[in-house]
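Accompanying notes for the structure given below.
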Amino acid sequence: MEYLPSLQQEFDELKPSLFELLAEQQLSDLLPPSIRYILAVATHRHPRYLLRVLNSFDEVYALLSLVVERYYLRNFGGSFTENFYSLKRERVLLTKNGEIPRAQLGAPGPVRESLKLRNSDVWKNLLVMVGIPYLKRKLDEGYDIHAAPQASLIMNGGPRYNPSDDLPPHPTIRQRFMHAYKWFLRNVYPSFNAAYYFSILAFNLAYLFDNTKYSSPFLWLIGTRIRRLSSADHQAIAKILEGKPQTPNSRSARSRPGSGLLGLFSPHNLYPQLLTSLRYFLPASIFALKFLEWWHASDFSRQLARKATDTLDIPAPITKGMISPSERKSRPPTKQKEDPESPKSALKTSSPHKRIQPPISASSYLPIFTVPLPPADSDAASSCPVCLNQLTNPTACQTGYVYCYVCIFHWLNGEHQRQIDFMNGDGAGAAWEDDSGDGIDADGDRNETESAAKTGKSRHGKWESGKGRCPVTGRRVLGGTEGLRRVLI
């Protein structure tokens with residue numbers, strides 16, 4: 001399909017294909033959401049300065065587009081994105097066919113000057129390029145706010161009107177305007193929007209089969225068409241980029257004090273230099289975007305991150321009141337020789353340092369079910385404190401501990417099997433014992449736990465299952481499962 005226009009237009013090399021125009025239009029439509037996203041990210045860091053700009057983004061973008069597009073139309077003959085695709089805009093001659101092929105071949109320079117956009121044509125094109133897209137965005141936004149919810153209610157069999165939208169007994173001018181505006185969005189704008197897109201489709205099809213010179217109905221209204229840049233256009237653009245030739249008056253002006261390096265930063269020189277540099281910024285930004293897409297999609301970045309983390313020996317986080325890793329390493333070796341390959345049995349092994357009592361909830365004053373602190377030895381460093389198996393899909397909690405994603409997800413939701421067994425009295429949580437430094441309290445709690453496990457007595461109302469809390473520390477996890485982060489080990 002992309003060669004069809006070329007076969008039909010073998011005698012008109014300056015007429016672009018429809019696919020070139022669609023690619024240019026697609027690039028032009030991608031600029032506003034991209035800039036809005038970058039501005040939103042920057043607003044999160046500096047909301048004091050950028051929040052108002054983000055709230056008025058459509059107006060600010062329309063104003064900047066007006067300045068940039070006017071400069072490119074006057075100097076390069078096309079819009080910012082059209083210049084990137086080597087396209088331009090020119091007037092259509094009032095001849096029979098609107099074409100002068102002989103003059104185009106014999107005198108391309110004078111033909112270019114005669115078809116160049118005049119000042120009135122520049123403002124007409126600015127109305128089409130900036131004004132109509134701005135009005136379209138505002139109407140689409142207003143339709144999504146005022147008309148789309150009611151339309152969905154009607155389709156689902158809901159109420160057909162909203163009494164709050166009726167005019168009050170003595171309405172003001174603003175209330176009358178908003179009432180008429182909402183009525184237009186609900187009753188007229190859907191048909192108007194359909195006619196807008198159907199007219200563009202009709203002109204695109206007519207342009208594809210060489211039945212019209214205009215690819216858009218708005219270009220037909222202002223008498224402007226889009227063409228490829230000719231050799232005369234490239235020569236004129238090269239002269240503009242090189243700068244105007246120096247005259248004796250300009251040379252004397254440059255020789256004045258302060259007109260050298262500081263003259264480059266004057267508003268008269270900085271304005272065109274800044275706008276001209278956008279010609280190089282657009283392809284550079286596209287290349288950077290494609291590079292970032294490849295970087296995140298490929299496995300190369302993961303390999304580099306994995307190599308960087310292999311050399312780091314990050315110790316486990318220490319919580320106040322728990323046994324430090326240095327004290328755990330000082331255990332007698334005879335106590336750990338029962339089953340060194342099983343991390344579950346290692347947690348059950350007795351030691352001279354007893355575990356502290358479980359944390360107490362500040363709201364319900366009930367003990368919170370937690371799991372023991374993982375051992376600090378290198379063999380069990382990559383094991384999950386909850387399931388005591390090798391880490392699968394490692395996920396970090398806000399407290400700094402790393403668990404299996406399935407374990408921490410079900411734990412925060414209160415659905416883990418260890419929590420269910422503990423609260424039902426089926427067991428003490430596989431490897432958990434509520435010991436403490438106090439012998440009397442520890443024996444009493446241990447006896448109560450063991451008796452509850454033997455008799456199958458439920459612990460509901462006497463314990464908290466740890467739902468929404470860190471399994472090791474018992475601290476509340478802000479955001480629940482939304483606060484979890486994947487890590488690379």
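Placed from the backbone N, Cα and C atoms, the Cβ positions cover glycine too.
The region 'Disordered' annotation in Swiss-Prot covers 316-359 (among others).
Feature annotation from Swiss-Prot assigns region 'Disordered' to 433-469 (among others).
Marked as topological domain 'Peroxisomal matrix' by Swiss-Prot on the basis of similarity to another entry: 1-17 (among others).
Residues or ranges marked as topological domain 'Cytoplasmic' by Swiss-Prot: 46-49 (among others). Secondary structure of the topological domain 'Cytoplasmic' (46-49) per DSSP, as helix, strand and coil residue counts: 3 helix, 0 strand, 1 coil.
Taken through DSSP, the topological domain 'Peroxisomal matrix' (75-118) splits into 21 helix, 5 strand, 18 coil. Among the features that Swiss-Prot reports, topological domain 'Peroxisomal matrix' is placed at 75-118 (among others).
Per Swiss-Prot, the feature topological domain 'Cytoplasmic' maps to 157-172 (among others); the stated evidence is similarity to another entry.
Taken from Swiss-Prot, the feature topological domain 'Peroxisomal matrix' covers 210-280 (among others).
Annotated topological domain 'Cytoplasmic' per Swiss-Prot: 309-489 (among others), in sequence order. In this model, the topological domain 'Cytoplasmic' (309-489) carries an average pLDDT of 69.
Summarising the annotation, Swiss-Prot assigns transmembrane segment to 18-45 (among others) and lists similarity to another entry as the type of evidence.
The annotation transmembrane segment is assigned in Swiss-Prot to 50-74 (among others).
Among the features that Swiss-Prot reports, transmembrane segment is placed at 119-156 (among others), with the record citing similarity to another entry.
Under the heading transmembrane segment, Swiss-Prot lists 173-209 (among others), citing similarity to another entry as support.
According to Swiss-Prot, the feature transmembrane segment maps to 281-308 (among others).
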